[in-house]
Structures are given as C-alpha cells and as structure tokens.
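Report on the following structure.
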Amino acid sequence: MSGQKPSLRSGDSAQSRFQVDVVTEGSPAAPAPVPAPTQAPAPASTDGSKPPEDSKGRFRVVGFMDPGALGSAMDIGLPPDVSHEPDTARSDSVSLHSTGTGHTHISDSHSNTYYMRTFGHNTIDAVPNIDFYRQTAAPFGEKLSRPSLSELHDELDKEPFEDGLANGDEPSAAEEAAALAAKEGKGGTVKFGWVKGVLVRCMLNIWGVMLFIRMSWIVGQAGIGLTIAIILMASVVTTITGLSTSAIATNGFVRGGGAYYLISRSLGPEFGGSIGLIFAFANAVAVAMYVVGFAETVVEMLNDVDALMTDELNDIRIVGTLTIILLLGISVAGMEWEAKAQIVLLVILLAAIVNYFIGSFMSTESKEPKGFFGYNTAIFIENLGPDFRDDETFFSVFAIFFPAATGILAGANISGDLTDPQSAIPKGTLLAILITGITYVFVAISAGSCVVRDATGDHNDTVSDTVNCTDAACTLGYDFSICKEGGCQFGLMNDFQVMSLVSGFGPLISAGIFSATLSSALASLVSAPKVFQALCKDNIYPGLGVFAKGYGKNNEPLRGYVLTFCIGLAFILIAELNIIAPIISNFFLASYALINFSVFHASLANSPGWRPSFKYYNMWVSLAGAILCCVVMFVINWWAALVTLLIVLALYIYVSYKKPDVNWGSSTQALIYNQALTHCLNLTGVEDHVKNFRPQCLVLTGYPSSRPALLQLVHSFTKNVGLMVCGHIRTVTRRPNFKELSQDHARCQRWLNKKRIKAFYTTVFSDNLRHGTQFLLQAVGLGRLKPNTLVMGFKNNWSDGDMRDVEIYINTIHDAFDLQFGVVILRLQDALDVSHIQGQDELLSSHEKPPIGSKEVVVSVILPKDSDFDSCPSKTTGNQSSPLIMRGKGKTGNEKTKSPLSLTDQRLLETSQQFKKKQGKGTIDVWWLFDDGGLTLLIPFLLTNRSKWGDCRIRVFIGGKINRIDHDRRAMAMLLSRFRIDFSDIHVLGDINTKPKKHNKLTFKELIEPYRLKEDDMEQEAAERLKAQEPWRITDNELELYKAKTNRQIRLNELLKEHSNAAKLIVMSMPLARKGTVSSALYMCWLETLTKDVPPLLLVRGNHQSVLTFYS
C-alpha cells in the first residue's frame, strides 16, 4: 500500500493489517532468537514518504539486562493474566527467549514475533502506562507517547504516522544497556529519604538559638501558662501551613524549588515569581543572621577570657566571614557532605537538649543563689502566671518567640533532592513540627518549675524564717527581695544563660548553641540557591537566567551558592541585623500565607486536577492559616509587614506586566474558568435590554492576519465593549486533520494576543462560504456571549470570477438577515486580502518548518484582489497544496527566493494598515438613510470614543424633502441630543431623488449587461431553464420593477463623491434586496455602484431592533 510505513505491512486477509514486523537484535553479531518468517517486501513508496530502509517501527522491543532482572508481568508490558512460564494450552502463548547476549525478549510462539501486542491481539493500541503521563524524559532520555487517535482511527490509505515517530527514534536494547551502564559508572544523583532530607533539616531549622538563650526569658515574662499558649499559637500557624504544604506536595510530582515551586504551580507565575524572589533573598540574609548569632557567641567567649583580636564588632565580622567561607565549602562539596554535616550538628543539638533535661534533676547548693532549685511545686505555681516587665506584652513576647517556630520549609526547599517528595514532605514536616513543639513545651515547663524569676547570685542572701514568706525563693531559704528594685543578674528574667546553669555540663549547651546556629545557617545556605535556581529556570525574570545553570551529577547551583555567599557576607560585614531581622521573618510568613492561600484557592476553584493524596486538610482551615500568618506579620512588626506586602505587590505587578510564557495549570486559571462559567450562566437568566446592547461581531477574516484593515476597524469599536470572533471558513478538498486544525487555532489565537487584539478565533470546514457562515452564525457563542452582527469584506473581484460565488456571497447576507443578525460590509478601493503578499504570513513565519529534505521557494504572485472568505491559500498548513509555497526536494531547508513587490501590492499593504495608526483630524460621515434600530449611528459613536479616532467628528447625512430641510435638520438634532451623541453637522439631502447623470446610468447599464437574462430574445422554456440553472441572472421585468431603486444607488454614489470625498470613513445604511425577488447579480451591482471610487466605506444594516435609547 503506497505511503504506508514499512513496519505496518498488509498481509493476508486473515491477518490484521497492523502486523508487527520482527525487529532484529541491537547487536549485529547476536543471532536472532527466532527465525523471521519470509515476507514480501513492502511496496516502494511513491508519495515522497521515507524509504523503507530508513523507517523504524513505533514500538521498541523491551530489552532486559539479564534474565534475573525481569520484573513482574506488568513491568514488561504483559497483561496481568499472562505468566512468565510458557503456556502451551493457550492460543496466545508467550515464551521467553535468551539471545545469548545477556538480553531476554518476549516472543509470540505462534507468529514468531516479539511480544508487542495488547491483550494478545495484534493492535497498536496501548495499555495504560505511567510513561505516557510523564512531562519529563523517561529514564533513558526518551518520552513515550501513546498512539494518537488519528493513528488508530484514520483510514489506512492515509499515512498513519505522518508526523514521524511519536516516541522519537527508540534505542535498541543494546543502546539502553549502554546508557544504563554509563549512568551507573558516573554514579547516580544523591537523593534523600524523609528522615535525612526533611525531618532532620526541619528540626535543625526550628530548634534555633531561641531555644537556648531566649526560652527561659519568655517563661519569666509570660509565665508557664501563657508561654505554652504562645508555643501552641505558633504551632497552630506552622501546623496549618504544614498541612497545606503536604496537600500541595501530594497533588502531583514535585520538582526542585520548594516554596517557590509549590506556590507558582498552584497560584501561577505572578504570585510564585514574587514570593520566590523574596523567599530566596530571605534565606540568603538568614544565613548572615545565623552566622552573626554564632559569631557573637564566640566573641563573648573570647571576651570572657580576654582573648579579643581587635574589638567586639570587628571580631564578629572576622569570625562571621571565616564561618560562612567554611559553610560555603561544605555546601559546594555537594549535598551528601552537607547532609553529613547536618547529622553531626543534630547529634550535638540533641545531646545539648538531653544534657539540659538531665541537669534539671541535678540540683546543687552552689546553683541555688543563682535561682536554680530543682523541680519545686512552689516555683511552678509562682511562675505559672505572667509577670510582664519593661513594657513587654503578650504580643511582643510572641513576636520574639515566633521566629523560633519557623523553618518548616527547610525540607520542602530541597524537594528536587528528595527520593519521594510526595511522601517525604508531609511526614517529615509534620513530625518535625510535633517533635519541636513538644520540646519547646517541656523546656518551658521545666525552666518554669526549676528556676525562680529573680536571683542575686549571693550565697549570703539567705533567710531563716520561712513561715511568713510570700515568694518561692523565701520558702526555699533565700531572700531575693532586693531584686524588685532591679540590678539582679540571675534568674529567668535576668540571665539568658539559664539553660547552661541548669544543664549537667555547661559547655555542651554552648556547643548546642553553635550547632543550632550553624545548622540553620547551612540549611539556609542550601535552600536559597535551590529556590533561586528553580526561579531562574522558569525564566520569570529574564535577566537572572545565568543562575539557572547547574553543575555535577546533582545539578548543583554553584552560581547561586556564590550569589548567596556574597549577599550573606555583605550583611555579615554590616553586623547590624536588628533592622533586617523582622523583615526576614515577615518574608517567611508571607510565604506561609501564600502556601495556605494556595490550598484554599485550589479547593475553591474546584478543578478536577486538584486531588492531593494527602487528605487531612480543609480549605477553610487553610484560609484561616493564611489570615493568621498575615496577622502574625503585623504583630511581629507592623512596618516590616507593610514593607513586605509592598515588595510582594511590586513584584506581582512586574511579573503580571511581563506576562511570562508559561502555563502550569494554576488554580488561578481554574477559578477564572469557574467565574466565567458562573457569569455566563447568570447572564442567560437575564433578558436583553436596549441599554446594555453592544455590537458582538462575527468577523469573517479568514486567518486574522489576512485582512488587517477589517480586523483593526472592528477591533476599534468592540475592544472592551463587545465580543469579537474572527471566523475562518476553510474550503479545502481534503479531509481536515485535527492536529493541523488545533495547531492553526492555537497559532492564530496567539497571534491575536500578541497583537493585543481582544478577539477569539474559530474555524470551520465547509464546502463553500455560505454553508460555513451558516455554521458559524448558528453555533458560535455561549449563552448571551453570542454574536449579533456579521462583518464581512466587500467582494471586490466579483465581476472577474464565477457568478456562482456571487450567488453564494449574496445568499450569505440573506442568511444573516434570516437569523436576525445585523450585517456590516467594509469596502476599501484597494481590497482587503493581503495574504498573497510575501512577508505577510506572520502566523507561519516563526512556527512552521518545511519537511526535512525540502526547501521553500516563495514566489511573488499577484492574485486578483478577492475578499471572499474561504481559506487563504497561502496559509495552508501541512501537506496542503499551495500556489504560493512550492515544496521541492533539496539539501537545505527554509531557502527563500524573494522578488520585489509590485506597485499594486505596495499600495495594498499601505491601505491595509490605515486603521492601525491614529487617524488625524477629519470626519466620520454617517449616511443614516434608513432606520435600522440605530446600529448605523452606534458604530461611529463607539469609534470616536477611541483614541485613534478621537480627533474625528461625526457628520450626519439624512434624506429629506427640499421644502422641509430645516424641519428635518432640527428633528434629527433633537434625536441625536437625546441619544447623547455629539455631532459636528447635519446635512439634509433634499436632492436625493434627483435623477442621476446620464453617463453614470450608462456605466451601470454596461455593468449589468453580461448578467442579464434577456428573456425577450429567447423562448420562454429556454429562458426558464437558463434562469433555473443560473438564478443570479437579471430579468427585464426585475430591472423595470426596481428602476427607481437602481437610480437611487447611482444618485447616492454621486452624492457620496460630492459631500464625503475627504472623509476618513463613511458609514452608510446598506440597501436591502428582497429575497427571492432581486437577483444576486442585480444586488451585487447595486452595492458595487453605491460604493465605487469613494473613501473607506462601511455598509451597515441592523436587525431593526432598537440598539439606542434616550430613556434612563
């Protein structure tokens, strides 16, 4: 069969037409497992398709490294009911054959072909396969595709694989083995499980310096009860955010980028791009915060032993710089080294915490003067309530504690380095929140039960009378009452090193502080480049693309590491982080708020694509979490919250303006669809009202770029006012190809969007213009969003073509009126269609390539200036024949031979762009001769509201009697003023019924002469037969009957040339022809005579329903 792929040979009638050939082993030396049956060679291709020797089959042979590597039946493509053992009793038996080369293949023991069948039948239909749903490449660098509907459904005489192999050139088994061996030789990428990748990181980030040096102070200020309330409040915020993070992370495959990836894929690039940038920056500055915290602790220890290098500030800078260089080295060494360092730091941190709890049970007399007495009920009761001092409040203390609860995204931020992000992120994040929350509560209860609020540290401040004591210290034999006057150095309220005091071994607490700061700094140093790299890969901010490049087997963002190092080092050298710290906390909170809002938004949109496997979330809880995060932002620092919101807003506006070319199926799209659907349905329940009328135009443009003048003019009066649909009727002879159709549709809609033309594009296939227009008139639209006006171009070349086309054209106008549509026809003297001119085919220029091995030769062809609305031949796609683009064999592609434009085409190009530019001062002349409901007047009014037409004034021309000119002018002026339509002048045409000039009448007579029936010159039967065959012919009776109307069209053309020869645009009432009475040729001659040799003219006829009203 000509044109058929060699791998799909037609065999005997008993066999399926889709017989799969035997595929030889990838190694040339390997013997075939089963001898191939003799088959007749495929017929030579005669249609220019690929020769048989260059063709490959669609489906590859499944190869395995060794017999032991065979998985389950489903792993190798077998149906679930087929076992590995050959079953000789079944007709569709399967056996495994070893080739002797270490490869095992499955073959059909009856047909001697490799087993590439579905359910034992010879079909290319495929069973469900996870590889069909992947967006990225399959393990061996290929993306598998299921057979297309066309390949399964189309007739066999049409080449089923016209677009080439759907899966690309499939590698042989040997090639796959080599690829796998190379990958194993290099060493796989380092991936982490949920414990090492998420749990450890989150716990290290949440357990910060706050645990060791501020927790005791918070207990002193707020008391045990309110401290637990503060911890629980913070945990509620982080837990809700953790649940939301888990929901998003389990709603599909998660790549690298953490918070940015989750937010951008849920809410779109606008929110994702803005939050991604500030989140990456926040992590970079957080590195400096943690390193400075570490450096301050080191410098304090140096100061205690009088070992400062210079002064405290510069020592902090020196130690901080050395520390961040060390951390950078660990990070650049790779994720594996960084993970090992995190484990070491976690062990130290856990040892410090355990050391504290052990020490709390080891009370000694030497520690009692400093306020530590061990667990005591009196101390617990005294510390249960709050004792706020120094203008502290519950919310100020909460603001100090809350940063200690952040860090829950540390695991999600390296989502690209997790083995199974969907499982790891929920388990690791939520468990880390639980463990750290419980730890904070126990530390708060422990510190509040062991240590008094104030202590002098003096062994002599004892008391012997403990009967009349009012505080816990007194009952324990100490008098710390002097502390009420201030100046005490010990106790919960005064000593930040209480945990060192309580612990069994003090230096271990210092090691814990070092571990907490360094682990948090390391986590932030890794998170920032990863998030930034994901942001740059998406090209949201074009100038930052240089940081998207990754290095090594783990795709490490080394450039991002250097950038993070530079930002961190800059803030370390400043060494004053008190101002920037609240902003950083608010940046993190803004991320949490948007993650929560993402879940609410996705649930609200009710998109079928929102189906997370993590079910323990609620949209309203997520919304409450988002609101809580915003409240906490203002509680922590109101001005920092405002700064954060302004930065997010500015970045959001920037990304919205730039409109990055990405489509992630965000919930924003889903919600817009829901709202549009809801509003459309709501509109259907509302009756149309004249005050809300707007022209909704179906414009027969063909391809949008074919008739730019028509497109630009209609867009001028429909933009932001009414619906505009570009209709394209394609009259190709071959069957439509859905893929071409969808590509054309997407390309044309993209072109409209690029040109900022607010319109839809739709196409239909039909045998002629009339039937296609009928389809569009009846089917286009949705509810009330449905066209009410048909806009066409004038058929300039009607007299040169087949008169059957004129019959179709005129009947199209009749059909529109039958369906109660208004009709608008635009005539330019130089025609409208520019599709035949070189360089105008913008839709195809950058998106389509000619077939390989061919070249395009574009020749200059000056077609007749036809504005008919079938498909533009120069814009056909695929293998459609075109008189303008001739494809031929050659060694190079895309070769174009250009020839200069003719003067006619140059003038046509200039004319086609006249409505694109701003119109200067001039007039729009409205010849409102017949009342069609007001559409003839409404369109010019809408035009003058546009900036392009703003300098033009409306002049109104009406018919009248010579003796009532003033009366008619006043009446029209009153009507226009009530319509609130500005006008510059009103002309009453008293001489409209004057007989036209004789030479013009002669010209009209010459025009109609070829189309007359001339029934008087032939027998009646012959005349009737000719009229039946050519219904467009003009009868003598018809000419006589409409003589007055004919003269009016000639006279109106004379008046147009007299009064409106300098107008920018003429808008005129279209003459009507009674259907079935006026022949198509006569009506066409009327339109030709009326519109000939005048400025751009718009013939308008509404459907005679009022579109204007002067009632409020």
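Note: Cβ is positioned from N, Cα and C throughout, glycine not excepted.
Summarising the annotation, TrEMBL assigns region 'Disordered' to 1-60, 72-110, 870-901. TrEMBL lists 108-159 with the feature domain 'Amino acid permease N-terminal'. Sequence annotations record features per position, and here TrEMBL assigns domain 'Amino acid permease/ SLC12A' to 197-698. Taken from TrEMBL, the feature transmembrane segment applies to 198-218, 224-254, 275-295, 315-334, 343-362, 394-416, 428-447, 508-528, 561-581, 587-604, 616-634.
Across 224-254, 343-362, 394-416, 428-447, 587-604, the stretch most heavily in contact with the transmembrane segment (616-634), judged by Cβ pairs under 8 Å, is 587-604.
Residues 201, 204-205, 207-209, 211-213, 258, 280-281, 283-284, 286-287, 290-291, 293-294, 297-298, 301, 323-324, 327-328, 330-331, 335, 338, 341-342, 345-346, 348-349, 351-353, 355-356, 407, 409-410, 413-414, 497, 499-500, 560-561, 564-565, 568 of the same chain lie 6 or more positions beyond the ends of the transmembrane segment (508-528) yet place their CB under 8 Å from a CB of it. Listed stretches 275-295, 428-447, 587-604 were compared with the transmembrane segment (224-254); the greatest number of C-beta pairs under 8 angstroms is found for 428-447. Between the transmembrane segment (198-218) and the transmembrane segment (343-362) there are at least 3 Cβ pairs closer than 8 Å, counting only pairs 6 or more residues apart in sequence, which means the two stretches are in contact. The stretch from 315-334, 343-362, 428-447, 587-604 that makes the most Cβ contacts under 8 Å with the transmembrane segment (394-416) is 428-447. Outside the transmembrane segment (315-334) by six or more residues, the chain places 190, 287-288, 291-292, 294-296, 298-299, 302, 308-309, 341, 518, 521-522, 525-526, 529, 552, 554, 556, 558, 561, 565, 568-569, 572-573, 575 with a CB less than 8 A from a CB of the stretch. Residues 196, 200, 203-204, 207, 211-212, 374-375, 439, 442-443, 446, 450, 499, 502-505, 508-509, 511-516, 518-519, 522 of the same chain lie 6+ residues outside the transmembrane segment (343-362) yet bring a C-beta within less than 8 angstroms of a C-beta in it.
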